[in-house]
Structures are given as C-alpha cells and as structure tokens.
C-alpha cells in the first residue's frame, strides 16, 4: 500500500532506524532523511555511518548529515544550507526520533503539518537524553513511548499518543530499548495514517506535575558504590547494559565489568565492597543494605562470561574488597 503523505525523517541510532523502516515499509514517501554525521567508532576508530543512514542508503533514500541546524554556533553555514534543503524538499510532516541535534523554531515551522517526536518514556516523566536507562535505574514499574508535537522545549510538546510496557525484573536497557523501538515504530505509522486521513492529530498538553529529567549517561557513573542498597545496585547494572556497564575495581586496581547481578535481602558479613562468598552460582558482595550476587562478569580485554566460566580463568576470593568510589 502506498500513501500520499510525504515524511522527512530525522534520527540517528537503532531506535530511530526501526521507526524509519516502519514508515518506509508502510508505503509513506520519504523524500529526505536527516541523520548525524559519520562518527569514528570501533578499535580502528574508522568513520561509521549511523543505523539510520545505513537503512536510507540501502533503500535509495536521500540523506543529509548537517552538523547543526542552528544558525548560531560553530556551523552557521552548514545549518543555513540544511535549512535551505529542508525548504526546497516538498514534504508534509517531519518525524524525529533520537536525532541528537536541536531543532530551532525556524526548522519546526517548515513542515506544513508540524514535527512529531518519538520519545522513549511516558511523558512528562523522563524528558531528556537517557529515558530508558533512567527508568530502569529508578525502579519504575512501567515505561513506554510517547508521540508528541514538537516545540522548542526539551521534550515539552503536546502529547499525541502513547504505548505502555511493563519493566520486568530481567529487563536491561538493551532489551527494553528493542521493545520500545518496535512500539514506537508501530505508534508512528498509526499516527501518520490518521494524519493522512484527517489532516490533523489531536494533542494534549503535558501536565505540570510529574516532570523528571533523564540526564545523559556518563562513564563516570559506571563505578558501583557498595555503600548503596543492593537493590539499587542491581538496577544500576541492568540500566547500564549495554553502556557503560557496571564497574567494580579491586583494591589492586583491577577493574571488572558487571553485566548481571541479583540483590539479596540478607545482610552479608563484611564491610561494603567485601566479597563474602564465591561459588559457581555467584560472587556475593556486601552492600550498604543487603548483598549483591554477581552472575555475569568481564575482565579487562575479555568478554562477558557467566560467573562459572569467569571464575575458571580469574581468581576472586572471600575477603577481597572492591574499592569504594569517592563521594562528591
């Protein structure tokens, strides 16, 4: 089935690529795709195209990669050229998903039917850059996707529709990301079909209550603070998979990445950070409240391993201690 609605798409990572694929596969015209410039990645630090760019190129869609869309700052000429290109490209609506660039009012005003954003939280909770990570880290029982009509604020636009999903005890950012990407793809196609049919989408202003912000995840957050409750640390490990991973550093300076852990309510005998039990079922570490059983670990230069395999090639012993990060 083909559609007459013309959609400019702006996005960068896998989350956005799922939406672009759904829009294109549903038969909507996509005259232009915006994505961030290629970035160095991998061990060789070679320039790599974004997942959105790869999809666009594989399907013959035009791609633009401006470093900015703002006429002020480091790239005014590039921004001006990109804005001219947007104006010159016949389209009806713009869809934005994890694009990574700020869209000024000048850009938001170009599409006749506005700009729709696919955001990975139940707004107004977790506005900002890392909503999936922060929802898991906070222990939220559910999260979801919100479609909103974009304005110049940070995820402050009126809400068009939402899809909810429970956060399970086993969910990591990786698993929840994939589920939400599919939910977002389905939701945006439904919205575009409705927009094509009626020429407008009903939208509800976000409530003033319940606003929280999902700050970007930094590598400095990876170190586990064993003075915290075990339940909090278990959520942190899940939230930081696949990036940046939980990190525990032994007193000799050896850093171990932690990829799976289970909180135990029983208080371990030992100061926070002390290994109190080592077995094929897990490495138990004392915490401020309860204890954390580590079940998937990775040594420097190695790969993720179940604890049984990890212990076969690494010596961890009862009484060893992990460092406590400095508190601010």
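Glycine too: its Cβ is placed from the backbone N, Cα and C atoms.
Record features, source Swiss-Prot:
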- 121, 122, 123, 124: (6S)-5,6,7,8-tetrahydrofolate binding site (BINDING)
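Close to residue 122 ((6S)-5,6,7,8-tetrahydrofolate binding site) in the fold, though at least 6 residues off in sequence, lie 142, 143, 144, 146, 162, 164, each with a CB less than 8 Å from its CB. Same-chain residues at least 6 positions away in sequence with a Cβ under 8 Å from that of residue 124 ((6S)-5,6,7,8-tetrahydrofolate binding site) are, in sequence order, 155, 156, 206, 207, 209, 210, 211, 212. Residue 123 ((6S)-5,6,7,8-tetrahydrofolate binding site) falls within neither a helix nor a strand when secondary structure is assigned with DSSP, and so counts as coil. The (6S)-5,6,7,8-tetrahydrofolate site, placed at the center of the C-beta atoms of 121, 122, 123, 124, has further neighbours from the same chain whose C-beta lies within 8 angstroms: 119, 125, 126, 127, 131, 144, 146, 155, 162, 206, 210.
Cβ neighbours of residue 123 ((6S)-5,6,7,8-tetrahydrofolate binding site) (same chain, under 8 Å, six or more residues apart in sequence): 146, 148, 155, 159, 162, 206.
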